[in-house]
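Heads up: the structure comes next, in structure tokens.
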């Protein structure tokens, strides 16, 4: 494992992820409080009808374990947005191991590029109020996975919202009424043409006091170019990394003039 190359504190090594779960049933006892408002549950269930998953030819059921819970994720290799990537595993591990330090219980969290939803599910299990966002074609599968793993067993039901990077931000996420303690992102940086819009979206969603946690497997030169631009607008700390898997986890605090 590497030592910290540029961060303000010594990063911790990232494990390869949790061991595969056994065959015990999904926990439903969850946190100390369950959603008591039936209207909230009904609203979340109704929202499921708004999102129709892409008609992939095949899905698989993948199993993960975090926070002592068995998490079942429906995935498909036919879409980047329907697969759990290594950065998501690293970010889940960090949230699990630093729950008290991060003060996640009751925290308002937005995840950028939530994909099949593993990070948002773990954050919800840890007691956060989560808004999971992604492109329209993956929202149905995302909502399915969130409800399957959080309904009746987390303090707050996560919300699903469409977010196209750089588009309609003020209309969909008005700063006057919405504030997030944390913005989470994992493996959103790879070889695509929307990196500038991604960075603009990260900047927009962060207000004074917001902490951005970004985990990514670094594969391409464009990943490092994005990191350079990220550091220009965020005070950046390397929290953890794995030399073997090329995964890095950063904390970003938006710079204010």
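Note: Cβ is positioned from N, Cα and C throughout, glycine not excepted.
In Swiss-Prot this protein carries:
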- 1-40: region 'Disordered' (REGION)
- 1-10: compositional bias 'Polar residues' (COMPBIAS)
- 24-37: compositional bias 'Basic and acidic residues' (COMPBIAS)
- 85, 113, 114, 115, 134, 165: S-adenosyl-L-methionine binding site (BINDING)
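Where Swiss-Prot records a feature, it is marked here on the structure.
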residue	record	DSSP class
85	S-adenosyl-L-methionine binding site	coil
113	S-adenosyl-L-methionine binding site	coil
134	S-adenosyl-L-methionine binding site	strand
165	S-adenosyl-L-methionine binding site	coil
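Around residue 115 (S-adenosyl-L-methionine binding site), the same-chain residues six or more apart in sequence whose CB sits under 8 Å from its CB are 80, 81, 82, 83, 84, 85, 88, 134, 138, 142, listed in sequence order.
Fewest Cβ neighbours within 10 Å among the binding-site residues 113, 114, 165: that distinction goes to 165.
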